[in-house]
Amino acid sequence: MISSDVIRGYNDTMILYMLLGGESYGYEISKQIRQLTQEKYVMKETTLYSAFARLEKNGYIESFYRDESLGKRRTYYRITPPGLSYYKEKCEEWMVTQAVVNQFIKEW
Amino acid sequence: METISVYLDHMFASLPKTLEVMRMKQELLSGMEEKYRELKEEGKSENEAIGIVISEFGNIEELTAELGIRAVEPERAAPMLTEHEAYAYTAAKRSAGLWVGLGIFFCASGVALLIFLDTLFETTVDSERGSMLGLIGMFMLGAVGVGMFFNSGMKLSRFKTLEQGFQLSYALKMELRQGQAHYAPTYRFSLITGVCLSVLSPILIFAASYVNEEYAPYGVAAFLLLAAVAVFLFVYYGNIQGAYTKLLEEPILAAAKKEEERISGAVGAVIWPLATIIFLFTGFVYHRWDVNWAVFPIAGILHGMLNGVYNMNRKSEM
């Protein structure tokens, strides 16, 4: 299990990455994150939905409703151009972070 | 599945019910339910599936911090009303309305009986006995009516705690809204019928006095009975509507309304006994049963006016 302290700053990045491939909705995104990390990281429900709220407030994603079968309605999200440039920034930031932290990591 | 919704209700119980929060809760619910369904399809047991869903819920503070809200103080958070209690309340309200309505009808019949007997024996040698008989009848019917008022009050006393505020789950609120919408045509119809009856009821007095000047008091007695039927419709159907309004009203409005009801009650406690005294006095001393009934509509209008003036003053203060 990964400590959530370490990963906290990159939850938004993960969600944005998942939206790069096209619009999606809450449960699907969390499932994909779980699969992609081979179940090493499971995003908590409150983490996921507070990230949606934050990203939408900042204009990085936008939400819309889509009617599903059986009269259900789902909230879908899609990434916006500012969201894409924010994502790129975060990627660069992580490269630097990773390089810095790696200086102090010793493999046994 | 029910467990998940109850769990969420519980987690959100102390949060303000803003649109944003309710939307967030709905999103969480549909996400959690979908996860639950998939776990079940994978062959997990009910308990396992619910356990996993709840363990992966996270921390409600994370959400409140993001939305920039703070939980309502625990002592201020009103208790949740269960579905069972809510429906018990609507049933008690309906039955209380029935008893108050019948009580009013009995009281009015008592007065009608008094007028009827007093007039019937007025010209005979038994005039004294007629008045006495009428009075006894009136007090007996009045006693039955008052007993019905008490019965109605007892039925509702169990729900006194609702005055301190309460909360409803989202699902129950929706269900009640639907119930109210379903009831609306019945309510409208009974109101219209009641208004028609009360508007038309004085015609009985004019009709009776048209036939013979002496018959006017009989017309008044008939008028009282018809008006009592109208009041019954207002009270009975109004109580059913009132139960919905009470359960669905906003907590802040509830406090203001309570004060309003208190003032209105105090005003009514003065006006109505006074009107009754005037009515009985002018009836017995001057035998003007044909006109003195007008004191009741006047009292009603006065009561409404004083309420209106009070509300207007308070609104301008705010």
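Even glycines carry a Cβ here, placed using N, Cα and C.
Model confidence over the coiled coil (B:22-49) stands at 90, taken as the mean pLDDT rounded to a whole number. What TrEMBL lists as coiled coil is B:22-49.
Residues or ranges marked as transmembrane segment by TrEMBL: B:96-117 (among others).
For B:129-150 (among others), the entry in TrEMBL reads transmembrane segment.
Per TrEMBL, transmembrane segment is recorded for B:187-209 (among others).
Here TrEMBL flags B:215-237 (among others) as transmembrane segment.
Per TrEMBL, the feature transmembrane segment maps to B:266-287 (among others).
Residues or ranges marked as transmembrane segment by TrEMBL: B:293-310 (among others). If you look at the transmembrane segment (B:293-310), the same-chain residues 6 or more away from its ends with a CB under 8 A from one of its CBs are 205, 220, 223-224, 260, 263-264, 267-268, 271-272, 274-275, 278-279, 282.
Taking pairs at least six residues apart, the transmembrane segment (B:215-237) and the transmembrane segment (B:96-117) share three or more Cβ pairs below 8 Å and count as touching. Proximity of distant same-chain residues to the transmembrane segment (B:187-209), defined by a Cβ-Cβ separation under 8 Å and at least 6 residues beyond the stretch ends, is recorded for 215-216, 218-220, 222-223, 226-227, 229-231, 233-234, 236-237, 240-241, 290, 293.
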